[in-house]
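Okay, structure first, notes after.
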6 protein chains.
Amino acid sequence: MAESTTRNDGRSPGALRPITLERGASLYAEGSCLISAGRTRVLCTASVEQGVPGWRKGKGEGWVTAEYAMLPRATGSRNRRERGQVGGRTQEIQRLIGRSLRACVDMAALGEWTITIDCDVLQADGGTRTASITGGAVALHDACAWVAEKTGAPSAFRHYVAAISGGLVGGELLLDLDYSEDVRAEVDLNVVARENGGLIEVQGTGEHGDFTPEQLSRLVGTAADAIRQLNAMQRAAAG
Amino acid sequence: MAESTTRNDGRSPGALRPITLERGASLYAEGSCLISAGRTRVLCTASVEQGVPGWRKGKGEGWVTAEYAMLPRATGSRNRRERGQVGGRTQEIQRLIGRSLRACVDMAALGEWTITIDCDVLQADGGTRTASITGGAVALHDACAWVAEKTGAPSAFRHYVAAISGGLVGGELLLDLDYSEDVRAEVDLNVVARENGGLIEVQGTGEHGDFTPEQLSRLVGTAADAIRQLNAMQRAAAG
Amino acid sequence: MAESTTRNDGRSPGALRPITLERGASLYAEGSCLISAGRTRVLCTASVEQGVPGWRKGKGEGWVTAEYAMLPRATGSRNRRERGQVGGRTQEIQRLIGRSLRACVDMAALGEWTITIDCDVLQADGGTRTASITGGAVALHDACAWVAEKTGAPSAFRHYVAAISGGLVGGELLLDLDYSEDVRAEVDLNVVARENGGLIEVQGTGEHGDFTPEQLSRLVGTAADAIRQLNAMQRAAAG
Amino acid sequence: MAESTTRNDGRSPGALRPITLERGASLYAEGSCLISAGRTRVLCTASVEQGVPGWRKGKGEGWVTAEYAMLPRATGSRNRRERGQVGGRTQEIQRLIGRSLRACVDMAALGEWTITIDCDVLQADGGTRTASITGGAVALHDACAWVAEKTGAPSAFRHYVAAISGGLVGGELLLDLDYSEDVRAEVDLNVVARENGGLIEVQGTGEHGDFTPEQLSRLVGTAADAIRQLNAMQRAAAG
Amino acid sequence: MAESTTRNDGRSPGALRPITLERGASLYAEGSCLISAGRTRVLCTASVEQGVPGWRKGKGEGWVTAEYAMLPRATGSRNRRERGQVGGRTQEIQRLIGRSLRACVDMAALGEWTITIDCDVLQADGGTRTASITGGAVALHDACAWVAEKTGAPSAFRHYVAAISGGLVGGELLLDLDYSEDVRAEVDLNVVARENGGLIEVQGTGEHGDFTPEQLSRLVGTAADAIRQLNAMQRAAAG
Amino acid sequence: MAESTTRNDGRSPGALRPITLERGASLYAEGSCLISAGRTRVLCTASVEQGVPGWRKGKGEGWVTAEYAMLPRATGSRNRRERGQVGGRTQEIQRLIGRSLRACVDMAALGEWTITIDCDVLQADGGTRTASITGGAVALHDACAWVAEKTGAPSAFRHYVAAISGGLVGGELLLDLDYSEDVRAEVDLNVVARENGGLIEVQGTGEHGDFTPEQLSRLVGTAADAIRQLNAMQRAAAG
């Protein structure tokens, strides 16, 4: 029930935080976007290199990959830089971002170019992986345009993809959790979808409880609606 | 349409592969289970240590964690041992296994003991992560019993948890994919659930396509039914 | 001769680039400053932890240390993240920053607290190490104030320290080199000084030539004058 | 004196433990053998790759190398996976296995192919390195046959090589030590030999005492006899 | 005031320690020099390899690089070998040595050869980095001669480069500090210069105090004079 | 047959190379010895630390361990420093040295002190591991004396241990192989023994052939005789 919860910032359960997409935030990258979602801020840059990794050579297809990192003081207490082993959480997140963003692009149309999306979290208040996807898609759009201009072929970018989190907190379904909500959630869910509403990735986890198929359906449906709003912002940012 | 597909081994779309659970497969471990699912074979051992990691000390609660590895020749071609950096896929899998198995146990009842579930894939033919969860839960059951005997307290094991994969292959919903099906799948899904039908984890990915909320629901429902069969086998194995 | 050179941005040989110091740029850090010097942008955060490293324990003195990193696309082409070995250049730079910033603080007055200054380069156009020192000192000032408030003792911060680069380019003495000037320099110099004009560190290098003691003296003198301007900006930023 | 010792399992001092060689234990490897020696169990797989390491290229000769690892719970208490530095003991063992198995093969006849023997210890009760050699030779035999079939040339496999441990325990000469005997041994010895009785490797160590040349001779002689029995089992396994 | 200080070994403030240069100290290296400065001893070897690193290929120019290490017991207490991460101090030193020695050579005249100078400190009593440069230049001279003989072209070696430390200790300017002086120094300085008096590198640091431009000038001047003595010894050693 | 071979240096088959033991070669180490055997030179230092590794605490016993390394240009071509993974050969050698030197000492008499023997090869011409043992024992002797003086207890050093290599080269039994002989050897052997003639370690390897028990016996016997000469030199060096 909506009345039972007061969210920190007075949002309704199904409302997104204020979101801004600052396209072209980097002087050098072929595409870039600084995304803010509430107090979460992620700088997404897309870097283009000719050629593809060895295992993909000779097929005439491109590749899109992602890296994710947090600045040491993006959070309430300082984290050590991941300068040896990249941690499991980071690996899990950057694999999710990479898979999601590959769904934006027609690899055959891209040809043998590699686009790397770096998602560096400047400030974290929940939802950094979904913000990385949403902002990264804008950077990727511009990098595809850059390749298109270089090669004279049409852009290989096909669909915007965006992502949002949701969860069950105190039994209530909330969208776009901030950090204080995230740590209290019984179930948390990340949904990635295309502009056409097609789902790309759904990850639901119940660390402190289980959930029913019906709850999953409702969460996915609410998230999919929100993603349509994000897609509109992405299009608007791209001008 | 079911007729359109002939599965390698003649199974119907919603059928599991032959599964065996060999409890006590390790001489030394406090709990162990060698699980076979078709040609996939995973040795799951549960090792008990007194105490918990530093960040968890002083709460009187236990901890369950998992590690996952493949023997170099578990697959069709040899893979290098992960003797430096643990790869992203491995990290993602062992985090999933750990989260899933923690849902079996009442950590407060366990007290300050750590149980490590090692899932070593001897032979891989698809579904190694879900087999690891299903087999690992049996090993974990016995390790909890070992702690209970040691401390005189009742076992902290609460629910069996099992897991299964599913996917859309050529547009058809298939359960328990083998490797040849997995590589062709448009969408693949891993579902982890408790004996009561409660979902613990749902991970659906569309690398080669997207999927609708309805397809997700059907896949989750089919998987949940199969998990009930697996739970029965787990109980039977435990004697 | 001044007329022989036209600097990219029309500056005179001894002029600084436009510099801004945005204090409090990080939500969480105990002190922070986003410094821009022309197109170079560095986010400096100061994180406070109680206690000191093992080798320093029991003397009642504090410690200040620094880490330096570049975002992968801070520069014209993407650099790999330093996720194994930290490179020699990075080590050299972060040691310089640490030594320089330690000169700001009375370690006995600080007591057994450690302050870590993270200098993350968001965009690089020359002078990133000197900007890190100048911006880092502002972050350090605020972190010392935070400790002072916590302990009730007066702040251990004693002097602002700032830094600037200079060099001989085409035989001419230039101050505050941008990247295009830096790569052409015969000699480049970094000078770190206190508000009282006392030198803390002088590093002059002639990769493409040598230099005379007289040239060194002139460069150091010019840099020292510029550092006084930076000190004034630091004081102004601190409000 | 033989009467003074009662071995755990009632064996006579010069008797081997029950040994089984299960050829073809891996679905995918070009050669494989699961060897059991008492409670010690090692899965040996031989993987064939075309080409040789860089330092060996262009001579027309092949290469055989070995890797050795223990599953974390192969022993009484859990060992951490060697996921960074490979430990000294592991290095020493896998170098011994590699050298020994190279003596089976005519490298010129093999041609530029590399065969990697992975020896993964599933359960350890002493004698894992010698079991790895004895089982690995069977896997290597089949891998050579696989290459021969591929190339149409005769197999490059020349001699079976097998290995056994021995030691002085309480002053008595024992063969094929189990773990409980191994930790009590004053002297322990590993002998590797060919079917013709020719010695390939002899490693004798006295951590808790020294030994005479005569004791060494007797130990080597007893081991060499036992190796002939192992060679017969290897031939029998190969069918 | 000179009278106020008694140096350990009775030296005057501006005097060097006894220095010996033993050319050809290594049987195998293309150039080598064992330098002793007081109780500091560094073995410098120059190794020649055909070709240059990838980033330098195709320009027809050579490359000179340096590595620096201490034996574990080169100092009063044992240091662990740097067998993982190379420490910051080591990186800083070997970069300084490399930059300094590159100033000896005309890279275009050298052609595509790489010369690596290894500076291994056998015993350390202050001044190891400057001794490495002075001794390394002798090794480099001979390695250039070796290349010249091999190619028939004239040697690419152009100038000897040498280095010395100085500092302010108890307010007094001292040259060539030993370890006991170094730890007490308010300011320490390393100067690298060519035979013509041209400065190659100046690094002055005030960890325990600051220094004036005038003090810097005096230190640099005194060091430059001493370097001329070292250049003479280098020439004499080369016979 | 002795006539059939001319050794490089005209030695007879059973003769040692000229050997010198320079005790006290290091200014700082608690024991040290620079050993030369022909052109092989190894600096052995013994460093004493109070306490023992964690796994050995509380038994009142000491520990002796060894590290082995080559300078990069100890050999005919430059080897990279082992700055990540320590290679298998190094591991194998330093484990052999450690085991051998532990046989010199009564660990209970030593008490909870750790002695680390660093064996750094300055120049290599075969036999570096055996020279390390022979020279390391002298360094260890002096380090035990240092501990004895510190604690007032008698020295824990019991026996000198020395080592020598031998081999079959062209069918002939040779002692103390230099590098050119080592690479041609069909069989090579390292023997470690105590002053009383008791064997500590025997390692025989036939990479290019096999060997008979009789050949092994002869090699061991010849080596044992030579080790008695080395023991005498060790005693003489210790004065």
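Any Cβ shown, glycine's included, is placed from N, Cα and C.
TrEMBL annotates A:G127, A:T128, A:R129 as phosphate-binding residues; of A:R80, A:R81, A:R89, the candidate listed for that same site is A:R89.
Every protein chain considered, the tally of other Cβ atoms within 10 Å of the Cβ of A:T128 (phosphate binding site) stands at 24. Neighbours of the phosphate site: apart from A:R89, A:G127, A:T128, A:R129, residues of the same chain with C-beta atoms within 8 angstroms of the site's C-beta centroid are A:Y68, A:I93, A:V121, A:A124, A:G126, A:T130, A:A131, A:S132. In the structure shown, the C-beta of A:R129 has more C-beta neighbours within 10 angstroms than that of any other entry among the binding-site residues A:R89, A:R129. The maximum pairwise C-alpha distance among A:R89, A:G127, A:T128, A:R129, the residues recorded as binding phosphate, is 14 Å. In the three-state DSSP assignment, the secondary structure recorded for A:R129 (phosphate binding site) is helix. Assigned with DSSP, the residues of the domain 'Exoribonuclease phosphorolytic' (A:159-224) fall into helix, strand and coil as follows: 16 helix, 29 strand, 21 coil. Mean pLDDT, taken over the domain 'Exoribonuclease phosphorolytic' (A:159-224), works out to 94 on the 0 to 100 scale.
For the domain 'Exoribonuclease phosphorolytic' (A:16-143), residue counts in helix, strand and coil come to 38 helix, 43 strand, 47 coil, using DSSP. Around the Cβ of A:G127 (phosphate binding site), 25 further Cβ atoms fall within 10 Å across all displayed protein chains.
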